[in-house]
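Asks: I'd like to ask some things about the structure below.
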Amino acid sequence: MAKNKAEKEKVHKVFQNISTNYDKLNNIISFEQHKVWRKRVMKSMQVKKGSKALDVCCGTADWTIALSKAVGPSGEVIGLDFSENMLKVGEEKTKNMSNIQLVQGDAMDLPFDDNEFDYVTIGFGLRNIPDYVIALKEMNRVLKPGGMAVCLETSQPTIPVFKQGYQLYFKFVMPIFGKLFAKSKEEYEWLQQSAFNFPDRDELKALFQLAGFKNVEVKSFTGGVAAMHLGYKEKETAKGD
């Protein structure tokens, strides 16, 4: 518990400090591929109009906005993040979108009732949570039976040429971007290590299953640099079945 608390405080500090440059940093680090990946994930999700969605670790609300457009005026989207400064950036971007609500909260202790959402997403945020399984179990808890959870995250490339390039990029190029946009060595080192140490696609699939998700689907993007994991909360069985 003490370790988790220290880790939370460290991550909170990082994102409080990089909030104003986060979007720019994300675009540069991913060569704007994160936008392409998100569009492909949204296509896989086939979000229904009028749905209620939760975007965990919403950051500056990019995925929250995409979900808002997908659910339409009759739907509702809540974006949750633990960084007040990240949410301030998100609030500016979503101020004219009436079906979005942004709230501060902890991904490991979601402030919502059981069985509340049709969709729960987390984009490039799971790697920054001290305990992946606790966060995934919380996502499962707040989903309605049969609801969909989706994670878009960096991954570990399996194709040799991508794997070598990825390792070189993280070792030599990413620190340069970090120094330009982060305010301290600790911040850019965290951004680098959290992505580099994140589970590969098969390991994360196993964690999804451990958290209770069924029919978990996995899609890799750009040679495995990023991956989508999509799973469902088990449907309730009718009494007498």
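Cβ coordinates are placed from backbone N, Cα and C, and glycine is handled just like the others.
Here the structure is a predicted model, which means the values were calculated and not measured.
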Asks: Starting from the S-adenosyl-L-methionine binding annotation in Swiss-Prot that includes D81, D106, A107, which of T60, T154, T158 is the extra site residue?
Replies: T60
Asks: Counting only other Cβ atoms and using a 10 Å cut-off, which of the binding-site residues D81, D106 scores lowest?
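Replies: Taking D81, D106 as the binding-site residues, the minimal 10 Å Cβ count falls on D106.
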Asks: Taking the residues T60, D81, D106, A107, which the record names as binding S-adenosyl-L-methionine, find the longest CA to CA distance and state it in Å to the nearest whole number.
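Replies: Of all Cα pairs among the recorded S-adenosyl-L-methionine binders, the widest measures 16 Å.
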Asks: So if I draw a 10 Å sphere around the Cβ of T60 (S-adenosyl-L-methionine binding site), how many other Cβ atoms end up inside it?
Replies: 26
Asks: State the three-class DSSP label for D106 (S-adenosyl-L-methionine binding site), counting H, G and I as helix, E and B as strand, and everything else as coil.
Replies: strand
